[in-house]
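Feature annotations, reproduced from TrEMBL:
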- 102-122: transmembrane segment (TRANSMEM)
- 150-170: transmembrane segment (TRANSMEM)
- 182-202: transmembrane segment (TRANSMEM)
- 208-227: transmembrane segment (TRANSMEM)
- 266-287: transmembrane segment (TRANSMEM)
- 359-378: transmembrane segment (TRANSMEM)
- 390-409: transmembrane segment (TRANSMEM)
- 415-436: transmembrane segment (TRANSMEM)
- 497-604: domain 'STAS' (DOMAIN)
Amino acid sequence: MHSLQTETLSMPMEQQQQLNIEDGSKTQRAEWVLNSPEPPGLCHEIVSSIKSAVFPNGGKHSSSSTKQTRSTAAGVVSFLHGLFPILTWGRNYKATKFRNDLMAGLTLASLSIPQSIGYATLANLAPQYGLYTSVVPPLVYALMGSSREIAIGPVAVVSLLLSSMIQNVVDPVANAVAYRKLVLTVTFFAGTFQFIFGLFRLGFLVDFLSHAAIVGFMGGAAIVIGLQQLKGLLGISHFTTKTDVVSVLEAVFRSLHHQGRRNKKLFWLPAIAPLISVVLSTAIVFLTKADEHGVKIVKHIKRGLNPISAHELQFSGQHVGQAAKIGLVSAIVALTEAIAVGRSFASIRGYHLDGNKEMVAMGFMNIAGSLTSCYVATGSFSRTAVNFSAGCETVVSNIVMAIAVFLSLELLTRLLYFTPIAILASIILSALPGLIDIPEAYHIWKVTISFAKIILNSIRPSVEGLGKLPGTDIFCDINQYPMAIKTPGILIVRINSGLLCFANANFVRERIMKRVTEKDEEGKENSKERTQAVILDMSTVMNIDTSGICALQEVYNKLVSHNIHLAVANPRWQVIHKLKLAKVVDKIGKDWIFLSVGEAVDACSSKMVNFSSC
């Protein structure tokens, strides 16, 4: 060691100055880590989220009053363009696009009219409420939505969801008016939640519903909906209001005991088939007077445009809390379906769909719908596929469809009086196979273990030993790169977890100490291998909670008791901020916080030399 000091003293002056400059640079870089500004707090992030949602293109203020006025005007224009995408693409809208949208909208209406009536009965509402929901929400979405292909209106899954949850609160048969008011109130809450999700950029909440959960939910809902339609299809008078499979099958058996490939050019054929079925069956019932012989029919459908329903919303009383809960569930399920179908067709057309903007549009759409006698609307898988196949160019096809449905409310309600319930049930059944994705369910079954692996990796993250790759300054996992060189006397470990928290803190602490013990066992045979310093590479740890901080403190205390120094390399913004607040940095020592693993190794090696010379 004396020879090392002599060698250092005998260095040329220029070389010593260079070393001093490098040491000063390393010290300065360590100060960058310690003196980084405080990360933005929760309030700041919320305000930034709202600003980015309201003013997507941002905006810079100017000192000049004229420029400030222009900046304000530009901000207003940016806000309007962000809120109403139709202002952006509408300027380039051409007659050729309208021709395609017109054909797609009329084709869409031919499918939407009978489906809307059927879905309203599925939701235990009068038939006209399904038609109402195919008028106002599509118009609002056309102004605010960004998907070009999605078809807005009532859907089977949400209709069943509302029916199954609300009938537990209010009986739709015994008190139809109270039931309808609660449905409208739930719709208002659903729209409010959707708007809030989009405003605060909480699109990640929808992502919590995994693809597997969506496939399973849609398939299960399709089966339950199909069983429910046996009532109308078989003409059963006394049927259960429950939605579970056992109750429905029991009601069916009890009632019975007591009683190819598609041609793309012919896309319009399956699309207009439901309308043709309704027309023919209605005509047959009318001509044969089958309603007098036991065939159940729709009967009266209220004529005219959506009546205002703001006075029917209930924000006081015993059911408000339950309405809010049902509204939250409905909002998430409706958003999941809409964003899933919207993104699917957006990827085909090669453009990006902003989930947060879609949430804002869906929220406004359903809030407006609740005020105009509509229930929860969203994007429909089957109708969107028809809209896409029909060659739609923009959401103008939704406007055309809404106008067509409105005209049917004005002109065709009397003709629908004799429409048989059985044909509506069959229309709903015909739309269900598209909700059941058997190949995808089989694929998910084969990878169900992935969810368990994710949880396991979260609570038991790997703690890797690192070594330096020859000829580089890169430190990598010694298991992945066997040629990596270990540094004598220094144990370098990396915590492979984005969050050091209560779920994994104890495991990480134990793994670190186990590696120290293993290295000390090696050091018994070779004194140079005895651990004198441990470097924690925290570059992958994005955040830390109190349990994680306590675990680091325990690691530090145990290492100190064994005369081992602890160094922390490349702590991220939130991590170093919380370590400073918890006084952990003061406890470890500011000299033991480094910007990179390489600098930590150099500093530890230098300090080990100084300690051994003392």
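The count begins at 1 with the first shown residue.
A Cβ is built for glycine as well, from the same backbone N, Cα and C atoms used for every other residue.
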Distant-in-sequence neighbours of the transmembrane segment (390-409), which means Cβ under 8 A and at least six residues beyond its ends: 86, 89, 93, 97-98, 100-109, 112-113, 116, 128, 131-132, 134-136, 138-139, 141-142, 145, 147-153, 267-268, 271, 303-305
Same-chain residues at least 6 beyond the ends of the transmembrane segment (359-378) whose Cβ lies under 8 Å from its Cβ atoms: 53, 83, 123, 125, 129, 132-138, 140-141, 144-146, 152-155, 158-159, 162, 183-188, 190-199, 202-203, 306-310, 313, 330-331, 334-335, 337-339
Segment confidence, the domain 'STAS' (497-604), expressed as mean pLDDT: 90
The domain 'STAS' (497-604): DSSP-derived helix, strand, coil residue counts: 63 helix, 16 strand, 29 coil
